[in-house]
Amino acid sequence: MNNRVTLTRFIIEQQANVPDASGTFTMLLSNIVTACKEIAQKVNRGQLIGVLGSAGSENVQGEVQKKLDIITNDIMVNSLNWTGHLAGMASEENDEFISIPPQYKKGKYLAVFDPLDGSSNIDVNLAVGTIFSILRCREGVEPEEGDFLRKGTEQVCAGFVIYGPSTMMVLTTGNGVNGFTLDQGIGEFILTHPNMRIPEETSEFAINMSNQRFWETPVQRYIDECLQGTEGVRGKDFNMRWVASFVAEAYRILTRGGVFLYPWDNRDPKKPAKLRLLYEANPMAFIIEQAGGLCSTGRERILDIKPSGVHQRVPVILGSKNEVQRIVDYHLQS
Ligand code: AHG
Ligand code: MN
Ligand code: MN
Ligand code: MN
């Protein structure tokens with residue numbers, strides 16, 4: 001049991017190979033880990049501590065906030081703002097990016113996060129998560145919004161924590177993807193899923209079918225062909241899953257392959273896509289690509305998009321390589 005690799009040890013050993021590493025990144029990650037352990041506790045205790053249900057407020061996304069959307073956001077912000085490692089933060093739950101309070105030192109990184117992903121699942125006791133991404137910032141300056149608007153290829157690190165039957169953290173620093181399980185007994189994340197790889201082939205898709213009538217032709221075509229099963233051009237039967245927690249869909253795909261689509265749709269011209277580029281699509285795209293998968297809008301690689309705002313939304317198609325490539329080809333042909 002003594003040779004178990006904790007997340008802290010893993011990061012310290014990985015950073016040892018990075019020239020000029022000052023330890024700042026290691027400490028920043030450790031602060032994120034602490035925040036996520038605190039969130040895990042809150043999520044786990046649920047109604048025992050009265051944290052379920054709606055807060056009655058609305059966020060900048062136009063979504064009714066759950067109490068836990070606000071509580072988890074406060075935990076993230078208050079665990080990271082004093083550390084001296086960050087120049088600023090941006091979150092799904094804050095209209096504007098978050099400055100570091102003047103009494104604290106400013107550092108060379110930016111953190112962007114979705115503090116509670118899948119929050120519609122919280123009251124029905126299904127898996128939820130936290131998604132985060134770390135970017136570099138110009139040092140010693142008060143950041144402007146433009147400092148956050150970096151392509152996904154520039155991420156230093158991306159990760160998510162899933163609060164499911166086990167609490168797990170999945171992490172990449174651009175050198176593969178590793179999964180850690182929280183050992184509640186000792187309060188440490190332990191490396192349990194080294195070098196996660198996504199199978200290139202799959203016969204499982206995830207999409208919210210209730211939006212079918214609003215999709216574009218290439219997505220209609222792809223899903224129609226999956227549904228035709230052995231009788232159609234694909235010549236095989238497909239299975240479907242939809243958890244409505246991005247973290248849970250991504251974790252399933254990392255474990256056994258699959259394809260996830262939250263495509264463009266024409267329901268509401270003001271909101272042509274649902275998922276947010278900075279703190280949902282980009283971190284997941286980094287992780288999925290590092291595990292051998294692909295992530296696209298259908299027309300463009302997610303990681304190559306130059307963001308236009310911190311809350312920008314994009315269509316997301318990600319997962320097993322050959323399947324995502326097929327959907328991208330259908331977009332090119334349309
Ligand atoms: P969040 O809870 O952070 O607002 O994100 C919800 C997202 C994502 O987790 C999931 O993939 C998707 O919304 C589900 O959307 P539908 O409810 O439209 O299916
Ligand atoms: Mn939300
Ligand atoms: Mn989310
Ligand atoms: Mn959220």
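Using N, Cα and C of the backbone, Cβ positions are placed for all residues, glycine too.
As recorded in TrEMBL, the features of this protein are as follows:
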- Glu92, Asp114, Leu116: Mg(2+) 1 binding site (BINDING)
- Asp114, Asp117, Glu280: Mg(2+) 2 binding site (BINDING)
- Asp117, Gly118, Ser119, Ser120, Asn208, Lys274: substrate binding site (BINDING)
- 6-194: domain 'Fructose-1-6-bisphosphatase class I N-terminal' (DOMAIN)
- 198-330: domain 'Fructose-1-6-bisphosphatase class 1 C-terminal' (DOMAIN)
Cβ under 6 Å from ligand 3: qualifying binding-site residues of Leu116, Ser119, Ser120, Asn208, Lys274: none
Going by C-alpha positions, which of the binding-site residues (Glu92, Asp114, Glu280) is nearest Asn208 (substrate binding site)? Glu280
Using the centroid of the Cβ atoms of Asp117, Gly118, Ser119, Ser120, Asn208, Lys274 as reference, list every other same-chain residue with Cβ within 8 Å of it (recorded substrate site), in sequence order. Asn121, Ala244, Ser245, Phe246
Residues other than Glu92, Asp114, Leu116 within 8 Å, Cβ to Cβ centroid, of the Mg(2+) 1 site? Asp69, Thr72, Asn73, Ser91, Glu93, Phe113, Pro115, Asp117, Ser119, Thr130, Ile131, Tyr279, Glu280
For the domain 'Fructose-1-6-bisphosphatase class I N-terminal' (6-194), the averaged pLDDT of the predicted model is 96
When you put Glu92 (Mg(2+) 1 binding site) at the centre and draw a 10 Å sphere around its Cα, which of the binding-site residues Ser119, Ser120, Glu280 have their Cα inside it? Glu280
How far is it from Ser119 (substrate binding site) to Glu280 (Mg(2+) 2 binding site), counting Cα to Cα, in Å? 13
I'd like the Cβ neighbour count for Ser119 (substrate binding site), meaning other Cβ atoms within 10 Å of its Cβ, all protein chains included. 23
Taking the Cβ of Asp114 (Mg(2+) 1 binding site) as the reference point, list residues of the same chain whose Cβ is under 8 angstroms away and which are at least six residues distant in sequence. Ser91, Glu92, Thr130, Ile131, Phe132, Arg276, Tyr279, Glu280
As a check: which entries in Asp114, Ser119, Ser120, the binding-site residues, place their Cβ less than 6 Å from an atom of ligand 4? Asp114, Ser119
